[in-house]
Amino acid sequence: MSAIVDIIGREILDSRGNPTVECDVLLESGTMGRAAVPSGASTGSREAIELRDGEAGRYNGKGVLKAVEHINTEISEAIMGLDASEQAFLDKTLLELDGTDNKSRLGANAMLAVSMAVAKAAAEEAGLPLYRYFGGSGAMQLPVPMMNIVNGGAHANNSLDIQEFMIVPVSQPTFREALRCGAEVFHALKKILSDRGMSTAVGDEGGFAPNFGSNDECLSTILQAIEKAGYRAGEDVLLALDCAASEFYHDGKYQLAGEGLQLSSAEFTDYLATLADKFPIVSIEDGMHESDWDGWKLLTDRLGKKVQLVGDDLFVTNTRILKEGIEKGIANSILIKINQIGTLTETFAAIEMAKRAGYTAVISHRSGETEDSTIADIAVGLNAGQIKTGSLSRSDRISKYNQLLRIEEDLGDIASYPGKSAFYNLR
């Protein structure tokens, strides 16, 4: 039995300089697991609640000492002595202890830190790498990365309304070569921007944040960077967008302030369809407001067979909402953010539900990250096939890519890189 003998919660800082929760779990054998939780900037209204202190004079109200106290008192008391290898039972214990639908009492940040740290300790005790502990012998597929090389929206201080412009390397034989491709395009883009006298400062997720005149201009410039780096747009490298449309939906209209447009759901569907026709876009995330299900249905019917349509704010890693979306034919993919739901067991259930329905699952970071690389192990362990973890700068992003390199090396000859086949939801 891998009995839990000590639990320590603490307040640390994330990549934006805001407090977040870290947890250490010590087992009877002496093995230890440590996990830190991320935090989002653009968040879905139905996400599990991240508990903040609200004390204005300390970290502008964003302290997490209450969440840490929950770990060090009642959570510790509830799970002390439990078997760390019984993840589902441990997470069930946390859920029952919290007793709310949205984890608002204990805080999803407190619960997730414990859930992750326990899994890491159990993997260490079993002598297994974390991805193997999660996925068993079937874990051998590396994910295709969606690399956010231009930031807009809530992730940057510029005129772009769309939040993320991503490159997706798909023709490479290995993850290592895909990562190299992404890095080379990133540096080619930096040179293009510099030559134009545009800003090469980066946003929260490590992508550049220049003031392009339009989304079209941004996408055209990325195509130039792909070619400049020696790759073929549409063959070697595809494009992906995260609209984060909930952020610019006001008074029933999609208000693209940077372009002076106010569009209905049907008009915004036309707008996105035009971009998808003009550029090699393989994936669009949050293309409609999270509550605009009629708009989502329009978008899915229009583009769902040729473009991956990812629900982030739409589904918030929640199986109940995902099930309803599947039944109504909304979207064809789910973004998986571990802190949206708050336990590993619930996270894994969402991934499995998506796969059973023919939806893809994209494992994702948050804009406020730490050096914790657990999501890399989740992506491989559950054979998710896709990961979204930022640009090719900032160590809080690179830590996940570097972990994937280590996993690929550990797998050796049995490692596979799916490329375009990762988008099995497109027919």
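Every residue, even glycine, has its Cβ placed from backbone N, Cα and C.
If you look up Swiss-Prot, you'll see E205 marked as active site, proton donor.
Annotated active site, proton acceptor per Swiss-Prot: K337, in sequence order, evidence recorded as sequence analysis. Look at K337 (active site, proton acceptor): DSSP puts it in coil. In this view, K337 (active site, proton acceptor) is surrounded by 26 other Cβ atoms within 10 Å of its Cβ, with every protein chain counted.
Sequence annotations record features per position, and here Swiss-Prot assigns (2R)-2-phosphoglycerate binding site to Q163, K337, R366, S367, K388. Cβ neighbour count for Q163 ((2R)-2-phosphoglycerate binding site) (all protein chains, 10 Å cutoff from its Cβ): 28.
The Mg(2+) binding site annotation in Swiss-Prot covers D242, E285, D312. In the three-state DSSP assignment, the secondary structure recorded for D312 (Mg(2+) binding site) is coil.
Taking the C-alpha positions, the distance from D242 (Mg(2+) binding site) to S367 ((2R)-2-phosphoglycerate binding site) comes to 13 Å. According to DSSP, S367 ((2R)-2-phosphoglycerate binding site) sits in a coil region rather than a helix or strand.
Annotation note: K388 ((2R)-2-phosphoglycerate binding site) sits in a strand segment as assigned by DSSP. Closest in space to E205 (active site, proton donor), of the recorded positions given as Q163, K337, R366, S367, K388, is S367, taking the CA atom of each residue. Remark: of the binding-site residues R366, K388, the most isolated position is R366 (fewest other Cβ atoms within 10 Å of its Cβ).
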